[in-house]
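Engineer: Take this structure, written in structure tokens, and hold onto it; I'll ask about it next.
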């Protein structure tokens, strides 16, 4: 654990809190992609299969439980809450997210560090997380729904991954034999997907105007 890893974890946690705050406080999920949230739930289930078998630390276990619990809470709100689900824009959130799942699983079967069930599912979660934001970015571009909480949620998700990349760079230069190409490349792909969003985010911040994405 180092300050960059901790900052990444806290940024990720804050992003989830921001999204839950939006959904719970104003009873709306407008501008949020259910497809992305379902993919994230699948990411966490696949990644944390060892939650009750391999104890690493209390911090690690608590964070796993939080991300599992919050991801399924968000999906439940958007699917079943009698008020929140009315604000979900199903007609615009049409990205075929299941087309992302199978290629990621096949890639995990072909390219992994160890051919074991847990390792393959861990690798699958890395590949899937790298592209899970795509339905959200597509929805944002289609609807132009750039309310402050939605924008901050997406920004924090991107910032979390950027901080993790800095953490990997730091560990590469300070820890002997620290080499994880699958994790690094997946994280880099994920961060690149945020590039366009970050560009327009900083333009809006610099000019003090509402974020506007191109069609």
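A Cβ is built for glycine as well, from the same backbone N, Cα and C atoms used for every other residue.
Among the features that TrEMBL reports, transmembrane segment is placed at 55-77, 98-115, 121-139, 151-170, 182-202.
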Engineer: For the transmembrane segment (151-170), which stretch among 98-115, 121-139, 182-202 has the most Cβ pairs under 8 A?
Structural biologist: 182-202
Engineer: For the transmembrane segment (121-139), could you work out the same-chain residues 6 or more beyond its ends whose Cβ comes under 8 Å from its Cβ atoms?
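Structural biologist: Answer is 31-33, 35-36, 39-40, 42-44, 46-47, 49, 89, 92-93, 95, 97, 100-101, 104-105, 107-108, 111-113, 145, 154, 157-158, 182-183, 186-187, 189-190, 193-194, 196-197.
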Engineer: Mind checking which residues of the chain, 6+ beyond the ends of the transmembrane segment (182-202), have their Cβ under 8 Å from one of its Cβ atoms?
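Structural biologist: Same-chain contacts beyond the ends: 111-113, 123, 126-127, 129-131, 133-134, 137, 140, 151, 154-155, 157-158, 161-162, 164-165, 168, 211-214.
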